[in-house]
Amino acid sequence: MPALRSRTTTHGRNMAGARALWRATGMTDDDFGKPIVAVANSFTEFVPGHVHLRNLGSLVAGAVAEAGGVAREFNTIAVDDGIAMGHGGMLYSLPSRELIADSVEYMVNAHCADALVCISNCDKITPGMLLAALRLNIPTVFVSGGAMESGNAVISGGTARSRLDLITAMSAAVNPDVSDGDLSTIERSACPTCGSCSGMFTANSMNCLTEAIGLSLPGNGSTLATAAARRELFVEAGRLVVDLARRYYEKDDEAVLPRSIATAAAFRNAFAVDVAMGGSTNTVLHLLAAAVEAGVDVTLADIDQISRTVPCLCKVAPSSTRYYMEDVHRAGGIPAILGELDRAGLLDPDPHTVHSASLREFLDRWDVRGPSPSPDAIELFHAAPGGVRTIEPFSSTNRWDTLDTDARDGCIRSVEHAYSAEGGLAVLFGNLAVEGAVVKTAGVDEGQWTFRGPALVVESQEEAVDAILTGRVKAGNVIIVRYEGPRGGPGMQEMLYPTAFLKGRGLGPKCALITDGRFSGGSSGLSIGHVSPEAAHGGTIALVRDGDIIEIDIPARRLELVVSDEELASRRAALEAAGGYRPTGRERPVSMALRAYAAMATSASTGAARDVGLLGG
């Protein structure tokens, strides 16, 4: 039976100094011997998805104490990708994932904590904490801050825009048909509450996937930040983590540990949910990195196989203007998606979770479309938006009159009525992406699933934006944005502004954008990212020239540069003779912190996970 890790600092004559310091934090003799639970909060006033988390660590801590544990809270950093977007700040977004993972590891191991509650929410915070949890492998429960309500506005002439979000504002900003007054109205209405942005963007996608993989409670992915029902998730997380700690340290039950939960089967289930719900392409990056920490062998080819067999059951903003996270919740949330996949035989029902002995047991209680959902499930998924601008969590007691259980035309469809027979994410291969590239097919009109056009090559996101706004980009172009990968950026920027500006200029359905960088979860259209190898690693994307023909075939999973092997070899030799794989004419300050990240960054095809072996020695 494993001893409490915290005994290292709380027991023995030689630890008198450590105990003295623990006492200075408020601990007493009675606390030495209880499991110490690290509460990793991510409160910050910079991020709407985290602005309401200030007091929620105390809520968890109170529940931990009532259950017989001792909670100690600390904070991590949290970058707002939307505010960091479109300028040099975006270089820091993906690297912050590694800093968050490291900071959680540092705090937990430095203080010998026994268990962990991760209070996360937005884009890189949930993934960073997930990497840490799998690395530490101590009893852990995730609870996120919850989704933002969708916006609404009345613009000129009384025209109502009933559903708005951040992307609406970005696209409207470059649409010449939108007046300054209307733009101001949209801007002020797009993000009405605290919480992670209201669509199936990266933050909400990842919070849904912690639920699918089994490390958070039912409803974690879809319950709104403003919903009173969300409060119980924080309280239950505190109770549950103490129970998990007792099972491990007192009963030697290793089944409660993150790596025992996030098994290969659990990862396959999570990827099935991901492609079924049309999650952000960033989820592929983050789950691949998490698999590395979990010691699970998952490749892009595996994900591609899942995407070919699992249909798209759910289209939420930005893939649809009809549905937002509040609608996913009303339709039963992640348990409903899992249930539809389970009934179609597309899931492994055996993996257990932090709260249930198996996925099947989980669904028996929490799938509102199943034969006998629990009263708790029915109550939870009735939680509705408040419709009031606020940054207060749990402020809405509104309830939907009915649940959306329409499997034919509702927010979450059955396999028989799927949006498409294949999933909402796809992996493409070809001479332009030998190791793979990722596209969110749920956000691409089927008329664009095959596309052929001349390349317009730019060496940075900034140049791409300039090309769009100055009219260099024409209908039919395939925009190639290169040297924006994990090393080449460095930091693998998101291309939300280029995709939003294409949409705003009416070019979204008429162009394609291909990059070795990333796309925001808010991006839609024919946006192909994570091209691997990246340009800075000698990938074929470095050899593309203006006017080269690019062929995209999503059904065939193909991404090709229509240039002969002989010509490509000639171009490669010339490029290497000229000094190698570096952007031309780009001036970009790169700090020491970013250089350190670049030195250890691996390919997007392996989740851009760090490899210290790249440092040598």
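Yeah, the Cβs are placed from backbone N, Cα and C, and that goes for glycine too.
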Checklist entry - Pick from Asp81, Asp165, Asp466: which one does Swiss-Prot list with Asp123, Lys124, Glu494 for the same Mg(2+) site? => result Asp81
Item to check | Rounded Cα-Cα span from Cys122 ([2Fe-2S] cluster binding site) to Ser520 (active site, proton acceptor), Å | outcome: 12
Checklist entry - Three states by DSSP: which one describes Asp81 (Mg(2+) binding site)? => result helix
Next on the checklist: Please report the Cα separation of Asp123 (Mg(2+) binding site) and Cys197 ([2Fe-2S] cluster binding site) in Å, rounded to an integer.
Outcome noted: 10
Checklist entry - In sequence order, which residues at least six apart in the same chain have a CB under 8 Å from the CB of Asp81 (Mg(2+) binding site)? => result Met90, Ser93, Cys122, Asp123, Lys124, Thr202, Glu494, Leu496, Ser520
Next on the checklist: Long-range neighbours only, meaning 6 or more apart in sequence with Cβ under 8 Å: which ones does Cys197 ([2Fe-2S] cluster binding site) have?
Outcome noted: Pro48, Gly49, Gly82, Ala147, Met148, Asp165, Leu166, Cys191, Ala203, Asn204, Gly521, Gly522
